[in-house]
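Listed in TrEMBL for this protein:
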- 212-222: compositional bias 'Basic and acidic residues' (COMPBIAS)
- 224-237: compositional bias 'Polar residues' (COMPBIAS)
- 473-482: compositional bias 'Low complexity' (COMPBIAS)
- 20-451: domain 'Major facilitator superfamily (MFS) profile' (DOMAIN)
- 207-237: region 'Disordered' (REGION)
- 462-482: region 'Disordered' (REGION)
- 21-45: transmembrane segment (TRANSMEM)
- 61-81: transmembrane segment (TRANSMEM)
- 88-106: transmembrane segment (TRANSMEM)
- 112-139: transmembrane segment (TRANSMEM)
- 146-165: transmembrane segment (TRANSMEM)
- 177-196: transmembrane segment (TRANSMEM)
- 266-287: transmembrane segment (TRANSMEM)
- 299-319: transmembrane segment (TRANSMEM)
- 331-351: transmembrane segment (TRANSMEM)
- 357-379: transmembrane segment (TRANSMEM)
- 391-410: transmembrane segment (TRANSMEM)
- 422-445: transmembrane segment (TRANSMEM)
Amino acid sequence: MSQGGAAEGKAAKPQDRGWAWMVLLAAVLLQGLTLGFPSCIGVFFTDLQHEFQAGNSVTSWFPSIMVAVLHGGGPLCSILVKRFGCRFTVMLGGLLSGVGMVSSSFCKSISQLYLTAGLITGLGSCFSFQAGVTVLGYYFVRWRTLANAMASTGVSLGFTLWPLLSQYLLVEMGWRNTFLIFGGILLNCCVCGAIMRPVQLASGSLLQSPKPGEEPGRRAEEAQLSNGASSPHPELQQQTRRTACFQMLQKYLAFDILCQNKGYQIYTIGVTWMMMGFALPHVYLVPYAIQNGVEEHRAALLISVIGFINIFIRPLTGLLSGHRVFTGRRIYLYILAVLLCGLSNFICVISAEFSVLIIYCIILSIAMSGIGALTFQVLMDVVEMDRFSSALGLFTILESITLLIGPPLTGLLVDITSDFHYVFYNSSFFLISAALFMGLSFCALEKKNKLKEASKVPLDNPSRYQYNEVPTEPQSESQSPPAVIYITSI
């Protein structure tokens, strides 16, 4: 290659420098605007109850739907990214989020709020967040791990600032005008998306291609399906449709991994069960504090304390878990964080004084930082990276189901008993039982694996039977990143 061609190729690669850092800043803002947003819903909980004359269970469906859709919309986001690219998907998500919150300010019933703020805003947040994380894989190669770690600080910033802003606007303008302003704020996701322009390579092709990459044998399969679709035989057409449906499920939802990989089975079941109680303090902590005489602005400060501490603890947890001492043992560090999170809830049962609740928030934030930093790292340890995207798609859908039903069921129990303590009892039960289940199961799995190694029984595919940490190495610059990875944050 001539010197001019080499210089042109070098100038055409924006990865890890230049505009890539502007894209990283946009990703930080996106995570604060999307994942951090549900943290402020508890501030409006009491006002929404009074406005619509609704109980705890009915009102809690609103944040539950929002969080569940935010977590469970990964496969749909993947399709949009592969078809239209990350930039379009982020901007579409910002538009949906803004329209959803503006529409919410005009709602006349709580059920309308489920549709506008819950479904529309939740889906928009999912599109913006997950596509925003995906685009970092195109702009960063050498510094990809650092970029993702820095982007995750946006979640903590959102947890810190959203509740404070919500409480101020609620007192000054009421919840309807506040939701209207929130719609305008969330439209800034479109600005962040506009910054995320496609990456241009030296050859003139787009690294962030809107079309999915072809897989080996893909053309042959498509030709076979096409021939089957044009066939006059109904039985062959039906078989072709079943094959296409199975291939779609295999691509986006890894049921085969769930059936064969014991580590993935245990981890998915444990995290799905844990999510029944994980979100409860976020929804009910503010109304619980207000009911026990804490001033509204101080109650909103509790959520901000959790977010502020997360800013510092989450990166430290990520660095700690990356130390070679924890190689192969990250799952137990994660289980310890889940157990601490469950035990911390008993502090609220002891006392509801503001000073005690601050202590609770500090301990809870430390535990949450461990869970948030390790959830997907552990998943990478138990699943081969070439199947990680589809495994994560099924993982997020299952956890979104329990995120959806957990708060309303607990709210129904509170309505029946008129005792907010059941919120924290339920949360502790699900978290502690999930930690014990995962801990005992992975210990038994490792013991079984050691016995098999001792008896020298050959395993055709060890990852199907054991917890096995799969090493991941950074991709070289010549390799393009995966088209999409479903990423959520807890």
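In case you wondered, yes, glycine gets a Cβ from its N, Cα and C as well.
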Sequence-distant residues near the transmembrane segment (266-287) by C-beta distance (under 8 Å, 6 or more away from its ends) are 38-39, 41-43, 45-46, 56, 60, 63-64, 67, 163, 258, 299-300, 302-303, 331, 338, 341-342, 345, 348, 357, 361, 364, 371, 375, 378-379, 382, 394-395, 398-399, 401-403, 405-407, 410-411, 414, 420, 423-424, 426-431, 433-435, 437-438, 441-442, 445, 467, 490
Where does the mean pLDDT land for the domain 'Major facilitator superfamily (MFS) profile' (20-451)? 83
If contact means at least 3 Cβ pairs within less than 8 Å, sequence distance 6 or more, would you call the transmembrane segment (88-106) and the transmembrane segment (177-196) in contact? yes
I'd like to know if the transmembrane segment (391-410) touches the transmembrane segment (112-139) in this structure, counting it as a touch only when three or more C-beta pairs sit under 8 Å and are separated by 6 or more positions. no
Contact between the transmembrane segment (146-165) and the transmembrane segment (21-45) is defined here as three or more C-beta pairs under 8 Å separated by at least 6 residues; is that satisfied? yes
Below 8 angstroms Cβ to Cβ, which residues of this chain, lying six or more residues outside the transmembrane segment (61-81), approach it? 34-35, 38, 41-42, 48, 88-89, 92, 110, 113-114, 117-119, 121-123, 125-127, 129-131, 134, 252-253, 279, 282-283, 389, 392-393, 396-397, 399-401, 403-408, 483-484, 486, 488
What same-chain residues lie close to the transmembrane segment (299-319): Cβ under 8 Å, and 6 or more beyond its ends? 36, 39-40, 42-43, 149, 152-153, 155-164, 166-167, 282, 285-286, 289-290, 337, 357-358, 361-362, 364-366, 368-370, 372-374, 377
